[in-house]
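See structure below.
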């Protein structure tokens, strides 16, 4: 298969290099198109206000001065001279569990591939304090999942969000299909003073696990399993439709009231 590989940790990150090499070793034709620096937390942002510069690192690697979504969008809308068969994003150096997926550039790169018509997988290694030890485990999981997708494709609107515990392959207890859990509210932002005495802020850490019981992605990786969560991009809150529909009469009546 022709595999487009991207990430949000940047083109020089070890995770993407190990992933690309594992996919090549499995017989795939791999093109890496990734940000020229760390763009973690970029979510689905597209660069629309300035042109995007690219740099060929080698015949199989392109660095992009943009977001993960920019990378995949450019690659699939004319920058490459061929059409890939699948998008694989990662390997991220930290978890993308639960509502992390809303902010994740790793997941968003896969999501852009799905928007543009390709099967897509996001792969993250669940590290502690960003100290990664077993990228090879996550890469092997990605190779196995890509092979399964080729043999047994999923519906066209589905992205696979894969989280791999930072364990040796022989210590992983198995794969689990999971749903997204969620976290408590994020921790407070962190104020500091710059050298000129002005206040600057760092975004605070993610909140602790909240919905993290059996069946969730949090629980799977905590118990030594590789979590596979099928996700799609329909943000409709169906449970609220009837309640909001009950407002419509009053809202419509307000149109006839005084300005």
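Using the three backbone atoms N, Cα and C, a Cβ is placed for every residue, glycine included.
Under the three-state DSSP scheme, residue 92 (divalent metal cation binding site) falls in the strand class. Its own atom aside, the Cβ of residue 92 (divalent metal cation binding site) has 32 Cβ atoms within 10 angstroms in the protein chains shown. Among the features that Swiss-Prot reports, divalent metal cation binding site is placed at 8, 9, 40, 92, with the record citing sequence analysis.
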With every protein chain in view, what's the tally of Cβ atoms within 10 Å of the Cβ of residue 9 (divalent metal cation binding site), excluding that atom itself?
24
Taking the Cβ of residue 40 (divalent metal cation binding site) as the reference point, list residues of the same chain whose Cβ is under 8 angstroms away and which are at least six residues distant in sequence.
8, 9, 92, 105
With every protein chain in view, how many other Cβ atoms are within 10 Å of the Cβ of residue 8 (divalent metal cation binding site)?
31
For the divalent metal cation site given as 8, 9, 40, 92, which other residues of the same chain have their Cβ within 8 Å of the site's Cβ centre?
7, 10, 13, 15, 38, 39, 68, 93, 94, 104, 105, 106
